[in-house]
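J.: There's a structure below that I have some questions on.
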Number of protein chains: 2
Amino acid sequence: MKRINVAICGFGRIGQQIAELLLNRSTYYKQKYQIDARLVGVCNSSSGLIDQEGLQASKWLDKTQYQAGLTEQKFLEKVQADVIIETGPSDYVTGGKGLFYLNYALTHSMHAIAVSKGALVVEGKKLINLAHQHNKKLFFSGATAAALPTVDLFEYNLAGCQILEIEGVFTGTTNFILNDMLQHECAFTESLEKAQAKGIAEPDSSFDVDGWDTAAKITILANTVLGADIKIQDIPRQGISHVTAEHIRDWKKENVIPRLVGFIHIKNLQIQTGVELRLVPANHPFAHLQGSNKCIRVLTQEMGEFVVSGGASAPLATAAAALKDFELMLKTGC
Amino acid sequence: MKRINVAICGFGRIGQQIAELLLNRSTYYKQKYQIDARLVGVCNSSSGLIDQEGLQASKWLDKTQYQAGLTEQKFLEKVQADVIIETGPSDYVTGGKGLFYLNYALTHSMHAIAVSKGALVVEGKKLINLAHQHNKKLFFSGATAAALPTVDLFEYNLAGCQILEIEGVFTGTTNFILNDMLQHECAFTESLEKAQAKGIAEPDSSFDVDGWDTAAKITILANTVLGADIKIQDIPRQGISHVTAEHIRDWKKENVIPRLVGFIHIKNLQIQTGVELRLVPANHPFAHLQGSNKCIRVLTQEMGEFVVSGGASAPLATAAAALKDFELMLKTGC
């Protein structure tokens with residue numbers, strides 16, 4: 001049976017959830033793909049843990065087992081992995097450590113799965129080319145709306161189709177806040193605090209509520225799926241923090257629903273992108289999105305329009321998205 | 001450059017649309033996959049046409065070029081194809097010629113793409129096993145709601161996830177009729193005639209309006225995606241022909257929308273299936289389906305709920321679905 005060694009770089013809540021799910025699915029991989037998948041190493045920002053025979057939860061949960069300094073290049077030099085899964089914090093200016101991990105993996109005979117967005121926002125196109133040059137695979141469902149199918153929608157379900165428009169509600173947090181404001185006719189800050197209390201919004205919420213998170217996903221999709229070359233800073237961008245209870249009351253009277261929408265329109269080979277607060281009619285597919293659900297709408301030349309909704313944010317769903325990528329690697333001959 | 005020879009068995013409106021699209025995408029396949037894809041043969045129920053160098057439209061449109069009797073086994077024996085695309089009429093009792101084509105192809109070194117449903121309804125599980133035994137690929141997006149992603153949703157987007165529920169509006173025709181009745185508060189026969197005039201419903205509409213089409217798709221999904229072993233006859237089944245204008249008026253008063261829904265529920269490893277006329281609330285994802293659009297809802301253990309809508313019936317969309325399968329073969333190493 002072929003052995004595939006996996007290493008996880010960045011070992012917080014999501015990383016640990018991935019490790020657990022990978023272990024739970026061990027028998028499934030053996031039966032379905034005749035693959036013996038083992039987690040051989042994990043590292044966080046300051047230390048790491050390697051066992052080429054395969055790590056079990058008892059070991060990775062025991063902090064005394066970690067070796068200080070076994071991270072970044074030292075970790076990747078030592079661990080013998082076929083696939084790395086990168087789940088560290090995102091740096092949207094330099095790409096940060098995530099970019100280092102992906103670059104190093106792809107140039108040193110490892111396939112890579114990105115869960116964090118930073119590296120792909122900054123160098124998405126270069127990373128795709130790098131993977132291609134080195135005949136390695138780079139998958140990043142986790143970095144583009146996680147459980148909501150986005151990248152794989154174009155790669156598989158709509159393979160071969162000419163894409164005319166992509167738009168969607170890509171940030172679960174802003175959707176939660178707008179829904180809460182609609183329900184309670186309350187102020188933005190009040191709904192934001194609820195989202196923070198529930199762990200849906202980060203303590204620093206500006207990345208989500210100012211539209212950066214949506215812009216990041218639009219950047220990755222445009223540069224990787226459509227081969228564009230845009231910078232996140234160049235995307236015209238609106239947020240939702242200026243929305244007041246009075247706006248909400250007025251919109252309810254007009255029977256329209258506010259949604260923070262990211263879009264890519266393609267016309268005459270020109271790509272136009274943006275993030276805007278849209279007022280959609282009550283029968284629009286974006287109108288019905290409950291809680292922190294997300295949604296993508298795609299218009300194609302050959303197959304018409306598709307709308308996919310779902311993929312609520314949750315650690316297990318994000319972990320399952322990363323391992324979906326792992327399985328797509330197995331299907332396409334990793 | 002690797003050459004891949006394609007043959008189309010059943011050459012009506014859909015078959016010709018596939019031939020045209022395959023030819024149009026010839027350069028695209030060369031650039032993206034380094035594959036020289038050629039259409040080397042087509043056959044209908046009584047005659048066929050083979051050119052191992054590749055057929056052009058001028059030839060397949062010229063009926064004088066066809067050789068009488070060059071069909072079924074004679075056709076498959078003579079044509080040197082790597083992939084066959086089966087688009088003939090469906091026989092839901094015996095599997096008909098479709099079943100012969102698929103069986104023959106998979107046992108004679110050919111991959112197969114099914115667009116018609118009959119063979120898969122009758123022998124879905126056996127055909128999957130046959131493909132597996134002979135190390136050949138069998139894809140059938142076109143046979144399961146065509147452009148609406150169904151099979152590939154489970155194979156790719158939700159790879160690895162535990163499926164708890166599948167349900168959907170799988171028959172565009174019944175959705176069109178119910179929508180028309182809702183809009184005009186008219187009798188079933190009146191809306192059916194409109195659907196027939198528009199070419200959405202067949203002259204013999206019973207397959208669609210009595211729920212058989214939905215039951216066929218449920219049978220294929222249950223037996224192929226979930227490994228069940230059910231017969232179409234055993235699925236409890238409702239239709240829509242009993243719906244009157246009075247029903248419609250009552251439902252509108254109650255603010256509920258009628259939808260013909262096919263479902264598969266999985267509980268404790270038991271699979272329960274059915275086709276039923278459901279009254280869904282106005283904010284339900286099935287409620288908003290316009291025209292002849294279709295929809296699938298999937299509930300998973302790990303990623304929660306997904307709803308995909310779109311995939312309106314049209315020859316180009318069905319052809320694009322068949323060639324999506326062709327491209328998935330290329331991606332997974334045909």
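Placement of Cβ uses the backbone N, Cα and C atoms for every residue, glycine included.
What TrEMBL says about a protein is an automatic prediction, not a curated fact.
Sharing the record's features from TrEMBL:
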BINDING   B:GLY10, B:PHE11, B:GLY12, B:ARG13, B:ILE14, B:GLY15  NADP(+) binding site
DOMAIN    B:10-140  domain 'Aspartate/homoserine dehydrogenase NAD-binding'
BINDING   B:LYS117  NADPH binding site
DOMAIN    B:149-325  domain 'Homoserine dehydrogenase catalytic'
BINDING   B:GLU202  L-homoserine binding site
ACT_SITE  B:LYS217  active site, proton donor
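What's the neighbourhood like for these features in this structure?
T.: All protein chains included, B:ILE14 (NADP(+) binding site) registers 23 other Cβ atoms within 10 Å of its own Cβ.
Applying an 8 A CB threshold to same-chain residues 6+ apart, the list for B:LYS117 (NADPH binding site) reads B:SER90, B:TYR92, B:ALA143, B:THR144, B:ALA216, B:LYS217, B:ILE220.
Reduced to three states, the DSSP call for B:GLU202 (L-homoserine binding site) is coil. The Cβ of B:GLU202 (L-homoserine binding site) has B:THR173, B:GLN196, B:ASP208 as same-chain neighbours under 8 Å, each 6 or more residues away in sequence.
Every protein chain considered, the tally of other Cβ atoms within 10 Å of the Cβ of B:LYS217 (active site, proton donor) stands at 26.
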J.: 10 Å Cβ neighbour count around B:GLY15 (NADP(+) binding site)?
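T.: For B:GLY15 (NADP(+) binding site), the 10 Å Cβ neighbour count is 24.
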J.: Including all protein chains displayed, how many Cβ atoms other than that of B:GLY12 (NADP(+) binding site) lie within 10 Å of its Cβ?
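T.: Other Cβ atoms found within 10 Å: 13.
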J.: Given a separation of at least six residues and a C-beta threshold under 8 Å, show me what packs close to B:GLY10 (NADP(+) binding site) in the same chain.
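T.: B:CYS43, B:ASN44, B:SER45, B:GLU86, B:THR87, B:GLY88, B:PRO89, B:LYS97, B:GLY98, B:TYR101, B:VAL115, B:SER116 - these are the non-local Cβ neighbours of B:GLY10 (NADP(+) binding site), listed in sequence order.
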J.: Tell me, roughly as an integer, the mean pLDDT over the domain 'Homoserine dehydrogenase catalytic' (B:149-325).
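T.: Over the domain 'Homoserine dehydrogenase catalytic' (B:149-325), the predicted model scores a mean pLDDT of 94.
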J.: Helix, strand or coil: which one is B:ILE14 (NADP(+) binding site) in, per DSSP?
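T.: B:ILE14 (NADP(+) binding site) sits in a helix per DSSP.
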J.: May I ask which residues of the same chain, at least 6 positions away in sequence, place their Cβ under 8 angstroms from the Cβ of B:PHE11 (NADP(+) binding site)?
T.: B:ALA19, B:VAL42, B:CYS43, B:ASN44, B:TRP60, B:THR87
